[in-house]
């Protein structure tokens, strides 16, 4: 549906689709995985009634910053992507978009995002600098550490902290439970993603948790998902959430079980489908959160 909506962009200019691919608007899974935990937190921070202004700011901010993250990622990987089957057709790797054009795109996206943050409050504005720093750092970590997914987890969890400061003007200690839960969840699902490229990454020297975990990959991913659910249960208790929230967690748990089963042979395509499937887990938790507040 999302891709159908943006396809008319390809008709605006002969190169328009190249930029759509650069910012991954044709692959919205990253938007969903960043959006759901941000919205969990916005709803919880606002006790179920987020300000419309903040809701619009964070939805648009998620889209813009995810796009910016894709640009900086492709810049960092431009000399590697051509050697990986899944990424060899990316616009920077093929030369359809120049490095200069990519940097201009990145700057525009970050500037637009910052303009949105300026509509919140000083605490949230200060936090936004950390968001840009962590998001920019992640792509380069794949050269130096087997834990780039942890950095990605921090980047994908930063919106949780900003949602609380935007709604409450402060950052309660309990918000860190949601932050840590989302970091662990991100490491889990991005490890599935990394499993699809593991053989290519080994050849070109790119590091990932999928390589680090080795034959214990599925066991460790399942453990991370279990810890994610445990932390969310603790967060639910601290924020006094009810039955609907926990039903959402139960659906997410079922999603995780399906992912473990479907990747039992470690087929790269099955691992990629398991990665995509996490969208439904995040959506289930969000719907459970919304329903819990709505039915009070």
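Backbone N, Cα and C define each Cβ position, glycine as well.
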Suppose you had to name the range Swiss-Prot annotates as transmembrane segment; which of 1-21, 169-189 would you pick?
169-189
Under 8 angstroms for C-beta pairs, at least 3 of them, ignoring pairs fewer than 6 apart in sequence. Is the transmembrane segment (146-166) in contact with the transmembrane segment (29-49) by that rule?
yes
How about the transmembrane segment (169-189) and the transmembrane segment (275-295): do they have 3 or more C-beta pairs under 8 A, pairs 6 or more apart in sequence?
yes
At a C-beta cut-off of under 8 Å, are there same-chain residues at least 6 beyond the transmembrane segment (55-75) that contact it? List them, or none.
22-25, 30-31, 34-35, 38-39, 42, 81, 90-93, 99, 102-103, 105-106, 109-110, 112-113, 116-117, 119-120, 131-132, 135-136, 138-139, 155, 159, 162-163, 166
